[in-house]
Amino acid sequence: MKLSFTKMHGAGNDFVVLDGYTRALPPLTGAQVRALADRHFGIGADQLLLVEKPTVDGADFKYRIFNCDGGEVEHCGNGARCFVKFVRDHGLTGKASVRVEVKHGVITLTMQDNGEVVVDMGAPVFEPARVPFDASGLDGRREGADTLWPLPVNGVTRWISVVSMGNPHAVQIVDDAEAFAVRVDGPAIECDPRFPQRVNAGFMQIVSRHEVNLRVYERGAGETLACGTGACAAVAAGIRRGRLDSPVTVHTHGGTLTISWNGACDERAPLMMAGPATTVFEGVIELPA
């Protein structure tokens, strides 16, 4: 079967986008997702995104995300920006703002006149059981309004914030994000048994109260050039700990995101993420068996 696709990226976090809205697509197996995402023998991507018809009232589209390991995940902020650019560029909507169904609810995506996309990422969740994170038997340490949890990582105790942005995140503050051994500690944190669904590991260096450098080791994808939900989780943790003030410029290896959150006044407030969305090329590929 021939499969039309669009290759896109948001701040270097790259995606294969498939249109399941105007045409019926067969259910993709994990092996097929891995083959399409393979950078040597496939198209190459951190994630595969599916555009589908919504199944809930009030949504314009349904947005599904598969990591390059073949597993379906809850959310991807950089992918969300590419999603709205895709549906507008392909004539699926003329709206500047669209409401999109994801696993944990409905989010709003808005295309700005300057070509950037603003995503209402929803409110963060800090309650360990809802991340989910097993905090049983641990003595947390308060910093500001946040609780830091001790996690043994390769023989060293790391103090982490746990945050859900619809997907789980563990955030730690480091002195130098560029020099930190992200690809050593990242896999250990991702697979720590206290995270029953595994976790995205964020490593944040605070430059000023409005600026950070961030690297994220993503669950099921490894270190990526940018992670939108990871940027939101890091900023939320930093504001909650009293280290950051909104808005925050987040520098990643792939580009810059701007995160705004009124959480110092109301933790139920949604995080707003602004950043680029870019189409790289379009093509047709034979769907692997």
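Positions of Cβ are set from backbone N, Cα and C atoms, glycine also.
Annotated features in Swiss-Prot:
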- Asn13, Gln47, Asn67, Gly77, Asn78, Asn167, Asn200, Glu218, Arg219, Gly228, Thr229: substrate binding site (BINDING)
- Cys76: active site, proton donor (ACT_SITE)
- Cys227: active site, proton acceptor (ACT_SITE)
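Structure with Swiss-Prot features highlighted.
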| residue | record | DSSP class |
| --- | --- | --- |
| Asn13 | substrate binding site | strand |
| Asn67 | substrate binding site | strand |
| Cys76 | active site, proton donor | coil |
| Asn200 | substrate binding site | strand |
| Arg219 | substrate binding site | coil |
| Cys227 | active site, proton acceptor | coil |
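Note: the substrate site is recorded as Asn13, Gln47, Asn67, Gly77, Asn78, Asn167, Asn200, Glu218, Arg219, Gly228, Thr229; in the same chain, Asp46, Ile65, Val73, His75, Cys76, Gly79, Val216, Ala221, Thr224, Cys227, Gly230 also have Cβ atoms within 8 Å of that site's Cβ centroid. The Cβ of the residue listed as 'active site, proton donor' has 31 other Cβ atoms within 10 Å, all protein chains considered. Distance noted between the C-alpha atoms of Asn13 (substrate binding site) and the residue listed as 'active site, proton acceptor' is 7 Å.
Its Cβ placed at the centre, Arg219 (substrate binding site) has 23 other Cβ atoms within 10 Å.
Taking every protein chain shown into account, Asn67, Asn78, Thr229 are the binding-site residues, and of these the Cβ with the most other Cβ atoms within 10 Å belongs to Asn78. Counting other CB atoms no more than 10 Å from each candidate's CB, the recorded positions Asn13, Asn200, Cys227 peak at Cys227. Asn67 (substrate binding site) sits 10 Å from Cys76 (active site, proton donor), taking the C-alpha atoms as the reference points.
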